[in-house]
C-alpha cells in the first residue's frame, strides 16, 4: 500500500500515493501534494 498525506517517508524510496498526487518531500521527509 502507498503512503497517505502527512505520512513520514524516505525520499530515495518514495512510497507516497502517486494516484493522489503525493510525493515525498526531501526537505521534510513526509508525503505532500505535488502542485
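Just so you know, glycine gets a Cβ as well, placed from its N, Cα and C.
What Swiss-Prot lists as disulfide bond is 2-17 (among others), and the listing cites experimental evidence. For the recorded site, residue 17 (disulfide bond), the DSSP three-state label reads coil. Summarising the environment of residue 17 (disulfide bond), the number of other Cβ atoms within 10 Å of its Cβ, over all protein chains shown, is 15.
Annotation source Swiss-Prot lists disulfide bond at 9-24 (among others), citing experimental evidence. All protein chains included, residue 24 (disulfide bond) registers 22 other Cβ atoms within 10 Å of its own Cβ.
The disulfide bond annotation in Swiss-Prot covers 16-31 (among others). Around the Cβ of residue 16 (disulfide bond), the number of neighbouring Cβ atoms within 10 Å comes to 24.
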Fewest-neighbour residue among disulfide-bonded residues, criterion Cβ within 10 Å, set 2, 9, 31: 2
Between residue 17 (disulfide bond) and residue 9 (disulfide bond): CA-CA distance (Å): 11
Per DSSP, three-state class assigned to residue 2 (disulfide bond): coil
Residue 16 (disulfide bond) to residue 2 (disulfide bond) - Cα separation in whole Å: 5
Top Cα neighbour of residue 31 (disulfide bond) in the set of disulfide-bonded residues 2, 17, 24: 24
